Amino acid sequence: MEQWRQCGRWLIDCKVLPPNHRVVWPSAVVFDLAQALRDGVLLCQLLHNLSPGSIDLKDINFRPQMSQFLCLKNIRTFLKVCHDKFGLRNSELFDPFDLFDVRDFGKVISAVSRLSLHSIAQSKGIRPFPSEETAENDDDVYRSLEELADEHDLGEDIYDCVPCEDEGDDIYEDIIKVEVQQPMKMGMTEDDKRSCCLLEIQETEAKYYRTLEDIEKNYMGPLRLVLSPADMAAVFINLEDLIKVHHSFLRAIDVSMMAGGSTLAKVFLEFKERLLIYGEYCSHMEHAQSTLNQLLASREDFRQKVEECTLRVQDGKFKLQDLLVVPMQRVLKYHLLLKELLSHSADRPERQQLKEALEAMQDLAMYINEVKRDKETLKKISEFQCSIENLQVKLEEFGRPKIDGELKVRSIVNHTKQDRYLFLFDKVVIVCKRKGYSYELKEVIELLFHKMTDDPMHNKDIKKWSYGFYLIHLQGKQGFQFFCKTEDMKRKWMEQFEMAMSNIKPDKANANHHSFQMYTFDKTTNCKACKMFLRGTFYQGYLCTRCGVGAHKECLEVIPPCKMSSPADVDAPGAGPGPKMVAVQNYHGNPAPPGKPVLTFQTGDVIELLRGDPDSPWWEGRLVQTRKSGYFPSSSVKPCPVDGRPPTGRPPSREIDYTAYPWFAGNMERQQTDNLLKSHASGTYLIRERPAEAERFAISIKFNDEVKHIKVVEKDSWIHITEAKKFESLLELVEYYQCHSLKESFKQLDTTLKFPYKSRERTTSRASSRSPASCASYNFSFLSPQGLSFAPQAPSAPFWSVFTPRVIGTAVARYNFAARDMRELSLREGDVVKIYSRIGGDQGWWKGETNGRIGWFPSTYVEEEGVQ
């Protein structure tokens with residue numbers, strides 16, 4: 001058996017991998033194991049399992065997500081503990097990039113093998129590896145893994161549970177189970193079932209409250225004698241406040257039950273705000289467990305005291321660590337209990353109030369999960385902060401991190417391509433130079449003042465680090481070009497940039513005359529539209545800077561009109577439109593209106609005036625064509641003619657007839673173009689139409705025995721092949737590049753547009769058509785590993801092959817949801833969602849597909865079909 005397979009089985013024996021992990025499937029390949037280990041989480045978990053306490057769980061980033069920084073930090077933590085605690089020499093270990101980039105996976109396997117032979121591992125009774133029957137010459141199987149790593153993501157199941165929390169639900173069931181509860185039987189009436197549900201809510205709440213009292217009486221009281229106030233607060237968090245709330249909560253439930261339970265929904269609605277304190281408890285739970293474990297390991301007096309206390313609670317059946325998990329599990333059960341009660345209350349007069357109570361507890365669960373998630377995010381941001389030199393601002397002010405990693409960066413001004421490490425946040429991209437394990441700050445680029453555009457070059461360059469895109473300043477200042485290692489990496493970075501920009505500049509930010517900005521709310525705030533919480537601890541939603549209301553991203557378009565807008569801002573029923581103006585010059589936002597949103601336009605655009613003081617240099621208006629509103633210089637417009645039509649200007653490029661020009665080929669497919677131009681001399685070119693594509697025109701040119709294709713972008717009445725140089729017409733563009741080399745835009749295309757194809761004599765007969773495989777393709781495609789087919793796979797196929805996920809259910813979206821992250825799935829009310837995974841359901845997230853996209857979505861935002 002190959003050594004990597006033995007390694008996988010050993011990790012299963014160490015309870016690091018589950019018994020049915022894909023590494024033991026017959027179809028498994030070595031990359032399956034490499035991919036499982038690349039983020040360092042499982043290796044750190046391995047050390048914890050072999051020697052509890054050898055590694056501080058606080059040092060592990062259990063959800064590194066899209067962060068190279070956090071993955072490498074995990075790997076370095078593993079290597080340090082192997083050296084310091086297990087005594088492995090540096091020569092017996094590996095470089096972090098040997099694993100992260102899978103440069104030398106053989107060294108990783110060798111290091112894990114040495115751990116398996118260590119006396120600590122041997123004491124567990126687990127057979128080490130390799131065994132004598134190891135297959136020889138494993139080196140061949142490790143080749144090409146680095147290329148596979150370039151093409152495949154790390155695992156992104158970011159909403160599942162942290163490994164050390166998996167048993168929490170079982171602990172809850174053991175502690176809170178109610179022995180007197182009878183299972184529902186066949187033949188029971190709906191009233192009987194409803195009574196069972198009511199009884200379960202009451203009795204489990206009573207059992208839970210007794211558990212809280214046990215913790216207070218038998219642990220908190222005695223341990224105050226041996227712990228400092230700071231340690232007490234770290235271990236028990238705000239448990240005293242929880243106990244006070246649940247004393248009142250249980251009394252209210254009991255009173256409702258004495259009246260038949262018809263007012264139980266009202267009780268939950270009344271206590272929703274008071275239960276928000278669970279956000280603090282749950283977000284500090286991990287730190288509390290870590291502090292408790294450290295105290296138990298470092299202080300013998302404390303350990304003995306805890307053992308004495310444990311014997312007083314249910315005969316020592318549960319440890320303090322177990323009991324501290326129960327509050328987090330309990331608060332996330334309320335919506336499940338109410339959902340079951342609602343399903344047996346079809347004809348009850350309080351049904352509507354029960355629905356409202358269910359939604360309230362679902363909202364509470366989502367709020368608590370997001371607070372916990374934000375605490376983890378802030379921890380990651382703090383680690384970034386400590387690693388970047390010369391950083392004078394708090395990174396958390398820039399929103400949530402999206403992605404980080406190594407790119408090459410070139411300033412559009414000086415054209416020097418440099419190796420840089422980027423941290424992308426919602427608001428900025430931090431550009432750094434890597435210095436060992438730290439980073440030197442080079443640039444902070446504010447995304448609000450930039451737009452991203454693709455490098456329009458069609459052809460793939462076979463060299464790495466040649467896949468580029470632009471970040472262009474909206475006011476013509478310095479821009480940047482970024483280069484990625486692979487096309488897939490470029491796609492991921494561009495998607496994350498798009499998501500970040502949509503967070504700080506959402507499409508509906510000015511809907512109904514509001515002026516919404518992403519904002520951190522100091523107090524718990526409800527969305528003005530849906531009335532649900534704005535969730536988390538920072539940048540929870542959007543604040544209107546005019547009227548002060550808060551909203552979710554997905555609710556911006558349905559917020560009632562802004563109350564602080566002037567009458568001219570609102571389309572009053574029956575009121576006529578404001579005076580129309582026509583733009584007499586282009587305005588792209590420079591100069592910018594002080595503290596106001598910008599309205600950009602082109603010469604000839606018609607603008608409806610919303611607010612305009614004759615003595616003011618700035619007016620507010622709305623473009624008639626797009627309905628977009630904002631501020632602009634009053635000197636850039638003049639009154640429109642009475643009929644409302646703008647003066648005659650130049651016709652758009654789509655209305656110009658280019659057929660007389662010797663370079664215009666009309667409608668022509670890419671393959672046909674290749675066949676036509678390959679027999680011509682270098683520098684021969686044509687312009688062709690692409691009617692089925694978003695960009696209508698493309699330049700095709702023969703250069704160094706290859707045909708290159710460049711799309712021509714038409715946007716905002718300008719036409720260009722690169723953002724750095726724009727033209728008013730296609731003819732102007734062609735005339736420019738007849739005299740200037742394309743190298744200005746594309747480094748490897750050092751040629752002008754020399755010979756229009758119609759004016760050149762054919763020099764040779766056409767060669768036979770190229771095969772499809774030989775044609776350059778701009779579309780993303782997988783690089784198929786040798787020996788693997790990407791045809792439909794059997795259930796045992798490697799997880800990184802192309803496959804159709806198994807649908808385990810369907811649901812209908814009850815609310816709109818706007819993704820804040822590329823891993824999330826946006827929903828519109830009424831969308832039918834295919835459910836692929838409920839892993840992470842206790843964290844509030846399911847995985848599914850709708851509208852052609854796959855991602856994670858809040859489980860409480862959908863109603864599962866076929867489930868009563």
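Glycine too: its Cβ is placed from the backbone N, Cα and C atoms.
Here the structure is a predicted model, which means the values were calculated and not measured.
Taken from Swiss-Prot, the feature domain 'Calponin-homology (CH)' covers 1-120, and the record attributes it to sequence analysis.
Summarising the annotation, Swiss-Prot assigns domain 'DH' to 193-371 and lists sequence analysis as the type of evidence. If you take every residue in the domain 'DH' (193-371) and average the pLDDT, you get 93.
As annotated by Swiss-Prot, domain 'PH' applies to 400-502. The helix, strand and coil residue counts that DSSP assigns across the domain 'PH' (400-502) are 19 helix, 55 strand, 29 coil.
According to Swiss-Prot, the domain 'SH3 1' annotation covers 576-642.
Positions annotated as domain 'SH2' by Swiss-Prot, on the basis of sequence analysis: 663-757.
The annotation domain 'SH3 2' is assigned in Swiss-Prot to 806-867 on the grounds of sequence analysis.
Residues annotated as phosphotyrosine in Swiss-Prot: Y142 (among others).
Swiss-Prot lists Y159 (among others) with the feature phosphotyrosine, giving similarity to another entry as the kind of evidence.
The phosphotyrosine annotation in Swiss-Prot covers Y172 (among others) and is backed by similarity to another entry. Y172 (phosphotyrosine) carries a helical DSSP state (H, G or I). Take the CB of Y172 (phosphotyrosine) and look out to 10 A: across all protein chains shown you find 22 other CB atoms.
Taken from Swiss-Prot, the feature phosphoserine applies to S566 (among others), supported by similarity to another entry.
Listed in sequence order, the residues of the same chain lying 6 or more apart from S616 (phosphoserine) and placing their CB within less than 8 Å of its CB are S634. What Swiss-Prot lists as phosphoserine is S616 (among others).
The annotation zinc finger is assigned in Swiss-Prot to 513-562 on the grounds of sequence analysis.
Of the ranges 1-120, 400-502, 576-642, 806-867, the one with the most Cβ pairs under 8 Å to the domain 'DH' (193-371) is 806-867. The domain 'SH3 2' (806-867) makes no contact with the domain 'SH3 1' (576-642): fewer than 3 of their CB pairs lie within 8 A, with pairs spaced 6 or more apart in sequence. 400-502 is the stretch from 1-120, 400-502, 663-757 with the greatest number of Cβ pairs below 8 Å to the domain 'SH3 1' (576-642).
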